[in-house]
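Straight from TrEMBL, the features:
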type	residues	note
BINDING	G36, S37, G38, K39, G40, T41, R149, K192	ATP binding site
BINDING	R62, K83, I84, V85, G110, F111, P112, R113, R153, R164	ribonucleoside 5'-phosphate binding site
BINDING	N117	CMP binding site
Amino acid sequence: MGTVVDAPKAAHTTTDAVGRLKEKGVKVVFVLGGPGSGKGTQCANIVRVFGFTHLSAGDLLRAEIKSGSENGTMIQNMIKEGKIVPSEVTIKLLEKAMLENGNDKFLIDGFPRNEENRAAFEEVTKIEPEFVLFFDCPQEEMERRLLGRNQGRDDDNIETIRKRFKVFLESSLPVVEYYNLKDKVRKVDAAKPIDDVFESVKVIFSNFSKKVM
């Protein structure tokens with residue numbers, strides 16, 4: 001009898017995941033900005049001060065590639081070809097990470113990357129972001145930062161950087177515009193020094209209680 005009862009559970013993993021995310025009362029903030037706009041640095045500050053968990057879509061995808069799984073190989077090939085990874089692949093990784101974490105406040109960095117990502121995320125998870133934190137930075141400044149940093153990333157050469165800018169402008173800005181119409185965009189001038197940028201960020205997050213140090 002046990003096997004008969006257990007079988008349907010395996011078949012409804014995604015539904016269970018969605019239900020559990022809603023039950024958990026998960027709060028999500030999307031973090032968007034061009035490559036080199038300082039998202040990673042500011043996310044680390046938000047985690048430290050406000051106790052959020054930082055989930056980088058890119059890091060989750062890179063970890064999946066490193067795992068050597070079939071999924072990882074597929075992701076690697078798509079990235080090499082300059083394609084955007086299918087929404088459901090990234091959403092599945094994000095869902096898993098949120099369910100496995102004890103926290104209920106998440107910064108999702110670098111996702112949604114396009115309108116299709118956005119619609120799929122809301123459809124699959126039944127969650128809308130509290131707001132979108134948008135780091136607005138001129139292309140010249142982002143380029144200067146990326147060429148000046150040394151993080152050992154293969155994708156920090158001038159041609160790839162410019163390709164990433166183009167993808168961001170064409171794909172991600174419509175997501176910002178969509179949420180702007182819903183009054184859910186909190187824009188930050190990311191060209192300022194790091195500490196000044198975080199002062200602006202702190203004001204935006206003032207409704208969230210600070211982490212007890």
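Cβ atoms are placed via backbone N, Cα and C, with glycine included.
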**Asked** Between the binding-site residues G36, G38, G40, G110, P112, where is the Cβ count within 10 Å the lowest?
**Response** G40
**Cβ-based isolation winner (fewest other Cβ atoms within 10 Å) among the binding-site residues S37, T41, N117** = T41
**Asked** How many other Cβ atoms are found within 10 Å of the Cβ atom of I84 (ribonucleoside 5'-phosphate binding site), counting all protein chains shown?
**Response** 14
**Fill in**
Counting Cβ atoms within 10 Å of each Cβ, the densest environment among the binding-site residues K39, R62, K192 belongs to K39
**Message:** If I take the Cα of K192 (ATP binding site) as reference, which of the binding-site residues I84, G110, P112 has the closest Cα?
**Reply:** G110
